[in-house]
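According to TrEMBL, the features are:
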type	residues	note
BINDING	43, 44	FAD binding site
BINDING	223, 278	D-dopa binding site
DOMAIN	6-324	domain 'FAD dependent oxidoreductase'
């Protein structure tokens with residue numbers, strides 16, 4: 001088997017980053033990204049893209065830290081390069097604030113971000129309703145710039161992009177030897193996974209160029225994230241809600257909560273509403289599966305279920321998914337009959 005043909009299903013941050021990692025890590029392969037939706041129509045395009053990771057109850061903390069550190073290091077290198085603007089990656093400093101002292105005062109990722117420390121009493125005066133806070137510098141990775149940048153890198157290394165809706169992974173057999181399932185919520189159908197569910201997120205994108213620091217309430221429900229061309233205000237976490245239409249009342253509530261933390265936002269203009277459905281499950285699904293139908297076999301690597309941590313964890317999990325694909329490719333080459341000279 002000279003060239004192993006690999007299909008990645010899904011063109012959000014998981015599908016594209018996994019395809020790029022495969023093109024770098026798996027020798028003698030061709031990689032095709034297949035999806036019915038591409039940027040700017042993906043969930044990754046709505047995500048605020050801040051590198052502040054959630055905690056996955058079903059995943060060991062050391063594994064989550066590894067994923068986050070690999071992602072942080074990858075994006076930090078981009079932020080320090082001439083590619084930073086094109087890729088939509090920047091460093092942002094700010095505060096995470098709490099109304100009561102959190103049980104975990106030092107999160108697992110504290111030594112990955114830059115300059116993590118507890119806020120001083122003087123800093124906390126800015127937030128009279130809050131009693132505790134953390135100051136640090138992290139990265140922001142903006143989907144609407146980062147996804148086209150990944151696409152460009154993929155095409156530059158010979159990868160292909162195909163617009164097509166996949167209803168069943170078996171459709172890809174025998175055109176492809178290995179399938180990587182990065183379909184997010186589509187995995188309810190494609191992988192028959194009842195554990196994955198949507199968590200609806202509604203945000204506002206506003207013009208407020210004077211806002212330079214991020215502010216995040218420790219609950220994760222109210223946040224102000226300045227970016228390259230706008231400020232993202234959020235947010236919501238509505239489990240099981242599939243509605244992609246913006247709700248005007250929710251928008252009013254988001255703006256009111258954000259203005260309570262940063263009163264200058266009352267002067268924000270050009271307010272646009274965005275909605276995305278986070279593909280959530282108790283832990284990221286990152287594993288191999290061998291599908292079988294009669295004598296047919298189709299190796300699949302599943303890579304989905306990151307919820308609100310997609311951009312914060314994507315490169316670390318993509319590297320792991322690429323390693324699993326490499327194992328599948330080696331197994332296929334070992335099994336392939338040697339051609340007779």
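Numbers here mean position along the shown chain, with the first residue as 1.
In case you wondered, yes, glycine gets a Cβ from its N, Cα and C as well.
Sequence features, as recorded in TrEMBL, placed on the structure.
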{"residue": "43", "record": "FAD binding site", "contacts (Cβ under 8 Å, 6+ apart)": "12, 184, 276, 277, 278, 279, 310"}
{"residue": "44", "record": "FAD binding site", "contacts (Cβ under 8 Å, 6+ apart)": "12, 13, 143, 146, 147, 310, 311"}
{"residue": "223", "record": "D-dopa binding site", "contacts (Cβ under 8 Å, 6+ apart)": "48, 50, 214, 215, 216, 217, 232, 233, 234, 235, 258"}
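Cβ neighbour count for residue 278 (D-dopa binding site): 24 (other Cβ atoms within 10 Å of its Cβ, all protein chains included). If you take every residue in the domain 'FAD dependent oxidoreductase' (6-324) and average the pLDDT, you get 97.
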